[in-house]
Amino acid sequence: MKTAHFILVFCLLALASPFAYASDPSPLQDFCVAINDPEDAVFVNGKFCKDPKLAKAQDFYYSGLNIPRNTSNPVGSTVTPVNVAQIPGLNTLGISLVRIDYAPNGGLNPTHTHPRATEILVVVEGTLYVGFVTSNTDNRLITKVLYPGDVFVFPIGLIHFQFNVGKTNAVAFAALSSQNPGVITVANAVFGSNPPINPDVLVKAFQLDKNVVKNLQSKFWWANN
């Protein structure tokens, strides 16, 4: 009898194990609201797939990352993304790339986070001060000064930045572990949201005077991709 019970329990555990280890697919966009009527469905988690027989080389190709970008903007940097929007063949492959150009003497890729990707960055020109902040309650700042050939990793979801501390232009390339990593620039999201966050919320959150908050909300916040 004990043997029979053991076999029954073993079988139930064996049947349950695929469900225990299963998980939902990682989101490839900010959200995907469920809908009952498929005729009204517009977006999927990612992109619709082309018939593989119709794929061509252009679906897996991008040109131009060797071209320096204009950094004449308020933050002094420009990000050139190469994700599924630029290379359709990246769909479902979980990887993308960016080129980042930084102006001399303080070009900044401002504090931001990628909600769907870890980032690994390599410097090819210039000198960058980079870092990220760990999650609550530690909030520890981890930083490093990088030179050409140096590599640094920014873990998924953590706020990070890059700052050109050199007197010349700087260039870096970064790979991200998502076809659509997303980016949330902290200042833009908090003070430049549309519609604006109630100033009373920000006054309490940042312990600032209300006039200071309103002044910050009135500024143009540069949206660096």
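Even glycines carry a Cβ here, placed using N, Cα and C.
Caution: TrEMBL annotation is automatic and unverified by curators.
Record features, source TrEMBL:
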SIGNAL    1-22  signal peptide
DISULFID  CYS32-CYS49  disulfide bond
DOMAIN    63-214  domain 'Cupin type-1'
BINDING   ASN109, HIS114, GLU119  oxalate binding site
BINDING   HIS112, HIS114, GLU119, HIS160  Mn(2+) binding site
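Cβ atoms within 8 Å of the centroid of the Cβ atoms of ASN109, HIS114, GLU119 (the oxalate site) belong to the same-chain residues VAL98, HIS112, THR113, ALA117, LEU121, PHE154, HIS160, ALA174, LEU176, PRO181, VAL183, site residues excluded.
Compute the center of the Cβ atoms of HIS112, HIS114, GLU119, HIS160, which mark the site for Mn(2+); besides them, the chain residues with Cβ within 8 Å of that center are THR113, ALA117, PHE132, PHE154, LEU158, ILE159, PRO181, VAL183.
In this structure the C-alpha atoms belonging to ASN109 (oxalate binding site) and HIS160 (Mn(2+) binding site) are separated by 9 Å. CYS49 (disulfide bond) has GLU119 as its nearest neighbour among the binding-site residues HIS112, GLU119, HIS160, going by CA to CA distance.
Here the C-alpha separation of HIS112 (Mn(2+) binding site) and GLU119 (oxalate binding site) works out to 12 Å.
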